[in-house]
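These come from TrEMBL:
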{"type": "DOMAIN", "residues": "6-120", "note": "domain 'Tetrahydrofolate dehydrogenase/cyclohydrolase catalytic'"}
{"type": "DOMAIN", "residues": "139-282", "note": "domain 'Tetrahydrofolate dehydrogenase/cyclohydrolase NAD(P)-binding'"}
{"type": "BINDING", "residues": "165, 166, 167, 233", "note": "NADP(+) binding site"}
Ligand SMILES: Nc1nc2c(c(=O)[nH]1)N[C@@H](CN(C=O)c1ccc(C(=O)N[C@@H](CCC(=O)O)C(=O)O)cc1)CN2
């Protein structure tokens with residue numbers, strides 16, 4: 001039997017339709033949400049992701065502010081644009097597209113972002129709020145993963161989730177979110193320093209593969225009926241996306257997120273949700 005597909009594209013479309021209504025309500029109250037992006041360098045993948053974010057903004061009625069710098073930009077030039085976005089009243093939320101070129105201190109840049117305008121939920125203050133269980137904008141990919149599981153009725157409470165990878169955008173914050181009382185999962189995190197990764201994977205009710213290693217998770221690693229989310233993105237020699245999950249997993253898993261078409265579109269929808277929620281909070285005063 002083949003796994004049920006966790007369709008991120010369709011789920012994101014439904015979320016965007018709801019956000020369109022909320023943006024219209026904000027505009028009636030005189031508030032226009034505006035998403036800013038700062039893209040540094042000429043990475044084609046990052047350019048594509050940023051373009052997609054602005055297309056989404058146009059579709060739901062959010063204004064767009066786009067800032068770009070060349071790969072040769074200095075730390076001071078990057079920080080100057082961040083300060084400009086902090087000060088711009090039309091920009092109600094923004095993000096710095098990652099990764100930044102070598103030589104730029106990413107943590108210094110992220111720390112400069114106004115936490116109230118942090119559309120990505122990656123500012124240290126907001127990550128700290130997540131640790132403390134206080135309200136904060138949530139990191140988009142982990143939030144997209146949890147939302148996708150919920151919408152498909154996959155049981156998270158009491159589940160054993162194995163998260164593969166420990167990167168800043170997913171691996172660091174997803175375990176924090178899954179172990180909140182509202183999710184109540186038990187989490188094992190595996191990474192390049194973990195021995196016997198397959199043994200951990202075989203015990204998981206839910207596997208989140210975010211390592212960026214093509215086909216790392218094999219059918220024999222998966223407990224029959226488990227939910228598997230494929231987050232990692234690598235490219236083959238033709239530029240086609242290759243995920244972290246081997247295609248044969250579809251025959252063992254109970255649910256599977258495709259890649260593309262799974263967690264990626266959810267990441268974009270959660271970004272819009274953060275922007276709208278921040279604007280709603282501001283409108284409430
Ligand atoms: N500042 C940030 N930088 C990065 C983040 C992030 O959340 N904040 N995440 C990733 C890239 N990313 C968003 O920025 C992102 C990745 C993938 C997708 C997406 O929709 N992918 C499509 C496929 C697109 C394609 O064909 O190339 C899919 O999965 O269907 C959206 C956003 C790293 N940087």
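Placed from the backbone N, Cα and C atoms, the Cβ positions cover glycine too.
Automatic prediction, not curation, is the source of TrEMBL annotations.
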Mean of the pLDDT scores, which run from 0 to 100, over the domain 'Tetrahydrofolate dehydrogenase/cyclohydrolase catalytic' (6-120): 97
Composition by DSSP (helix, strand, coil) of residues within the domain 'Tetrahydrofolate dehydrogenase/cyclohydrolase NAD(P)-binding' (139-282): 51 helix, 27 strand, 66 coil
Cβ neighbours within the same chain of residue 167 (NADP(+) binding site) - under 8 Å, at least six residues apart: 210, 212
Candidate with the highest Cβ count within 10 Å, taken from the binding-site residues 165, 166, 233: 165
Counts of helix, strand and coil residues, the domain 'Tetrahydrofolate dehydrogenase/cyclohydrolase catalytic' (6-120), according to DSSP: 61 helix, 19 strand, 35 coil
